[in-house]
Amino acid sequence: MDNQIGRLVLLDAGSSGTRLYAYKWQKITGSVPKNGSVPKVELVYTGTMEVKKPIETNATEDELKKYLDSLFGPAVDPTTSKENLLTKFGFETPDEKRANSVPIFVLGTAGMRVFKRDHRTEHDNLQKWIESYNPNRAEYGSPKYETITGESEAAYGWVAANFLLGAFSTEYETKAQDTVGYVEMGGQSAQIAFQPFENELTPDKLHDGEITTVKLGGVVFDLVLKTWDLGSNQAWREYQSDVVAMDATEAIETVAPSDASVAAEIKTFVDPDSPHGRRWTYLEESGPASGQKFELKGDGAFDSERFHEKVLKVLDRLSQPAPARGSRLLDANLVAALKARHFVGGANFWYSTRGVFGRTLDGAAKTTMFSFKEYLAEVKSTTALAWPELQFRLRHGQPEVMGNAWFLAEWIRCVLINGFGFNFSHQPTAQSEDDLAFRPYGGTAKAALTWTLGRAVLCASQLTERDTEHLVIKAGINIVAARHQKKLEDAMIAKAALSQESLLDYITMAASFRRRKDVRGNAERTTRMIHLAVAAAKTSRSLIQAVEAAKRAVAVAVAEQGTEAELQQARAATNEYRNNRISVNGVSEEEVDKQVAGYLEALVIEIGDTDREISGEAIKALMLLIKEAAGV
């Protein structure tokens, strides 16, 4: 039945342009699967044209309508194109068209986030005009507009990448080790997303990482998501502004005036690290010179160290404040978490490494194993080229892309290495791309990697594709930790039990060595076994105390989401536990260790020196002492 087919149209309204994507899938019937598997979502149509400019935030309603017409016209009107949504969605009858009005979402990203923050009234008007737009065909509904958060964009990208790589196609429950991390850089922002391991889901290990949840196939995935205003366009604007500021004292010339009232005011500034012979215009958007145009020209005197420092200066400015410890963007705990994972890079991470550089003679993306070292070497090999030769070498077709190619490559290097803390020195040992810490990924032959696919997969995983209210939910780290706490507690208790078994082994071995103290070396072995027993007892006590403390911390965290009375009760219980421990122990950990060492040494003497068979009652008494030493 065709009514079992899900359909969805998504428009990515980014800072560089807008593109239309259409997806379909077999709807979920009955109950949602519980193993993380998802429907097979298929990209059936990509807009025949991408509008190479963003939605104008100062557009009138009529101008916005023309903009949307240019996107929807070829897609929804069968008379304008042989390939359109009507044929790709496979509608069969007119009644079916009316009964299955396809949801359409226009989703704004980083540029619109800034616009919404700074111009809320104008943003709301834009949303109203978009949602009143009508594609004029019965099978499609009016668009719904949403400015998505950076976290949602990262979550959608993570879902899309792992969907295309097959992480959700298993019959078994998908685990963190089955997934890859995801990094993305657009024009305005950059994102990172990964699924932490269960032992990392604690406030002390991920305190700098917000935990967000997505639900796929009945399984909740906890993700660490972070977003920054570090997009390539944003960084390039900052870099050009720095060129003007650095060269301001010696602007070398003015443009020959064709219109003396305007052109004579445009000064030319030199960037030694841009291609020789390239000229372009830069519009300052902020600061005292806001609204002024400048001409920049490349000198071609490229110096890799100087260029790196200039680009790194932009990263330092845009990424402030940096963590006290770790990389420029991530604290030390998150940097450590990244090292245990493999990441794929989408958007500009793919575009620069496989769309501008990293191409065959035919212009196709290379399919050989990615090497970051080879990528940087290829970039460096072009830095001696003048502007005409660089255009011939890159053969891209867009002058601004080729002109910025060196900058984008260096920006990617700075963000990955200096920003995220990736270390590419170990990659030569990798046997396949799956072994790499980072690799660019553009998708498959049938579907490009785009965050819109992730949104579609999440919609397809719901019982209805219109249920978009709770696709991405930001949960506090304490709440997530509470959900995983039982598993963590069980693991710590099991580890404590192993320490207790080791403690018993060490005591019995020490007693055995003592019994045969006439054997050379047994006195030293006895002492060593007692030291090991003391250490095992301490480990057990620490784990048991950690479990108790964690239970109370989680109780407080959960209570914080409830009533004030529940919160006060949880805090009181925690304080009582802490006070009881202080009053019972009343001594330092070092003193406790000394006391335990004394108990255990006495046990060894009692067991090892007796010539009689130890009675059942005596064994019970001795075991109680061992348990007490272990904190049981």
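Positions of Cβ are set from backbone N, Cα and C atoms, glycine also.
Listed features, source TrEMBL:
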- Glu153: active site, proton acceptor (ACT_SITE)
- Gly187, Gln188, Ser189, Ala190, Gln191: ATP binding site (BINDING)
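Sequence-distant neighbours of the residue listed as 'active site, proton acceptor': residues of the same chain at least 6 apart with a C-beta under 8 Å from its C-beta are Thr109, Ala110, Glu184, Ser189, Gln191, Thr227, Trp451. Residue density at Ser189 (ATP binding site): 26 other Cβ atoms are found within 10 A of its Cβ, drawing on all protein chains shown. In the three-state DSSP assignment, the secondary structure recorded for Ser189 (ATP binding site) is coil.
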